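> Please see the structure below; I have some questions.
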Amino acid sequence: MKKTLNQMLIIFGASGDLTARKLIPAIYNLYKGQHLPENFVVLGVSRSNMGSEEFRSKVVLESEFLQKKIAKEEKDFVQKFADKLYYEDLGTDYDASYEKLAKRINQLDEEHGTDGNLIFYLSTPPSLYETIAKNLHDAGLTKEEKGWRRLIVEKPFGYNLKSAKALNDGLHYYFNEGQVYRIDHYLGKETVQNLLVTRFSNSIFEPLWNRRYIHHVEITNAETVGVEKRGGYYDKSGALRDMFQSHLLQIVSLIVMEPPISSDAEEIRDEKVKALKSLRIMKDEETIIKNTLRGQYVGSTIGGKKVKGYREEEGVNPESTTETFAALKFYVDNWRWKDVPFYVRTGKAMPTKVTEVVIHFKTPHHEVFKSQDVYKKDNKLIIRIQPDEGVLLKFGVKVPGLGFHVEQANMDFYYSDLDSAQVMDAYERLLLDAMQGDTTLYARADEVEAAWRFVDPILECWENNPSVNTYGYAAGTWGPKNSDELIEDSFGWRNPGDLLTDESGFCILC
Ligand SMILES: NC(=O)C1=CN([C@@H]2O[C@H](COP(=O)(O)OP(=O)(O)OC[C@H]3O[C@@H](n4cnc5c(N)ncnc54)[C@H](OP(=O)(O)O)[C@@H]3O)[C@@H](O)[C@H]2O)C=CC1
Ligand SMILES: O=C1O[C@H](COP(=O)(O)O)[C@@H](O)[C@H](O)[C@H]1O
């Protein structure tokens, strides 16, 4: 069991959406699950003028995100949690503010016995990350004289390779790499971590995990929601930056990587970096145009309800060409994966919310059952990241009766079947890891840069050719029709009929 030392968590951007929606609920759950150390306080920091009481009301006592839980809990318990929260108003005079902030931190540290251990969580607009790091340094807050210092940085980490490198360099000026925790909340998802366990704790999958047996790999990430209230941010980002460069390439790296020597953070991250470096970079426009495709959702009617198109969303340029759907085909240039295509698609405003990895195995090389449909369906290993988390293997079985009729059967595992299926929320897990000094599930500087190196030429090509391979798709559909052509040389994307959705829009693993 790792130890969580007494500490203070200082959240920059405490008046913002992420703090209220994700961070405070995650800390609350850690408190409820008795994962927090004995001495622990949160100090919220932003420019909005409010006191600690108002902050506590906003993010705990009157928070729409915690209200449901609070109704079920003892009031005293919730109040005790709220009492651990403080707020410091930064104002606009930065130099004076950070001196004041340093005093407040030292005072809270003395009063609450947090032993000088400080985690700074940057949940502000990314343009401020470096400035905040510098201000912390100038105010003497980065010195590890008494206790340690850690810095958690939210995504997006950079806008392209150049800016990501500049940000890494900027942060490294004030914090060493071991102190920097770049968050990617997909790494906090139980099922993403299970990719490692499925591969490296079983002897039955790994011998097949290569070009000899795998025909292609398919990854789908679909969301039913559009851009919601984040139109301003998203319009400058798009699906490739927002989902692919970070979350989906993290998943790819876990599928592609070689076995690490141990589960040590650096061993795992070394292998992930090697995996990302082995992605074949699409250098010329012809290759990019042939192997990538983008789309943007347009208004439609779903279940009798009118749904807005992307260009009508708040904060979005009415003439925007930003993609809300992206599909890519690419290769991995190494011994294990030579010539195995990877197909990845991600989109907003799709029919269901689902993220899954499908490993498609090759059909047998010699056809024993000549007259039947046996070889038209491949063996698939489906790793469902969310929802209905689990793993499913599809394989052929004989239909009872005459002849050799074959049907596919499923062998499955669902997380919900586990007795202890208390799946921690991603932010909860990641925050706890940072509190315990475990960087395994955080992206390292070279990892982020390797991911950008792959994505950069595609972004550049798309920017230079805004209308090439760009298609509209009706909100509530599986993206542009043309995305089917991208995967034509294999079995096609998983049949939408196999991505079954129940009445509430929940995608069932089958
Ligand atoms: N919301 C989400 O679902 C997700 C967000 N993220 C990332 O998290 C970060 C925060 O996002 P989100 O909460 O949505 O953004 P918001 O715009 O809701 O909040 C931004 C916060 O930053 C504060 N802020 C602005 N300037 C400063 C400053 N100079 N010093 C300190 N605080 C400042 C703002 O408060 P004030 O104006 O009071 O200073 C506000 O609290 C972003 O980097 C975003 O990309 C990542 C994934 C998901
Ligand atoms: O980081 C982001 O992720 C969410 C999707 O997260 P999920 O856990 O619900 O799958 C996405 O909506 C958002 O655009 C992106 O910034």
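Count begins at 1; order follows the chain as displayed.
Just so it is clear, glycine is given a Cβ too, placed from its N, Cα and C backbone atoms.
So TrEMBL lists these for the protein:
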type	residues	note
ACT_SITE	HIS247	active site, proton acceptor
BINDING	ARG47, LYS155	NADP(+) binding site
BINDING	HIS185, LYS189, GLU223, ASP242, LYS348, LYS353	substrate binding site
DOMAIN	10-194	domain 'Glucose-6-phosphate dehydrogenase NAD-binding'
DOMAIN	196-490	domain 'Glucose-6-phosphate dehydrogenase C-terminal'
> As a test of the contact definition, list every same-chain residue at least 6 positions from ARG47 (NADP(+) binding site) whose Cβ is closer than 8 Å to its Cβ.
SER15, ASP89, LEU90, GLY91, THR92
> When you measure from the Cβ of LYS353 (substrate binding site), how many other Cβ atoms are you left with inside 10 Å?
16
> Over the span of the domain 'Glucose-6-phosphate dehydrogenase C-terminal' (196-490), how high is the average pLDDT in this prediction?
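On average, pLDDT over the domain 'Glucose-6-phosphate dehydrogenase C-terminal' (196-490) sits at 94.
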> What subset of the binding-site residues HIS185, GLU223, LYS348, LYS353 lies within 10 angstroms of the residue listed as 'active site, proton acceptor' at the C-alpha level?
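Cα within 10 Å of the residue listed as 'active site, proton acceptor': HIS185.
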> Taking DSSP as the reference, which of helix, strand or coil describes the residue listed as 'active site, proton acceptor'?
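Looking at the DSSP assignment, the residue listed as 'active site, proton acceptor' belongs to a helix.
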> At a 10 A cut-off on CB-CB distances, which of the binding-site residues HIS185, LYS348 has the highest count?
LYS348
> Closest of the binding-site residues to LYS155 (NADP(+) binding site), Cα to Cα, picking from GLU223, ASP242, LYS348, LYS353?
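Closest by Cα distance to LYS155 (NADP(+) binding site) among the binding-site residues GLU223, ASP242, LYS348, LYS353: ASP242.
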> Going through the binding-site residues ARG47, LYS155, ASP242 in sequence order, which have a CB under 6 Å from an atom of ligand 1?
ARG47, LYS155
> So which one is it: of the recorded positions LYS155, LYS189, HIS247, which has the fewest other Cβ atoms within 10 Å?
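Lowest Cβ count within 10 Å among the recorded positions (LYS155, LYS189, HIS247) is LYS155.
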> Ranked by the number of other Cβ atoms within 10 Å of their own Cβ, which of the binding-site residues GLU223, ASP242 ranks first?
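Comparing the binding-site residues GLU223, ASP242, the most crowded Cβ belongs to ASP242.
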> Please list, in sequence order, those binding-site residues from ARG47, LYS189, ASP242 with the Cβ less than 6 Å from ligand 2.
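ASP242, by Cβ distance under 6 Å.
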> Tell me whether LYS353 (substrate binding site) sits in a helix, a strand or coil according to DSSP.
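Note: LYS353 (substrate binding site) is in a strand by DSSP.
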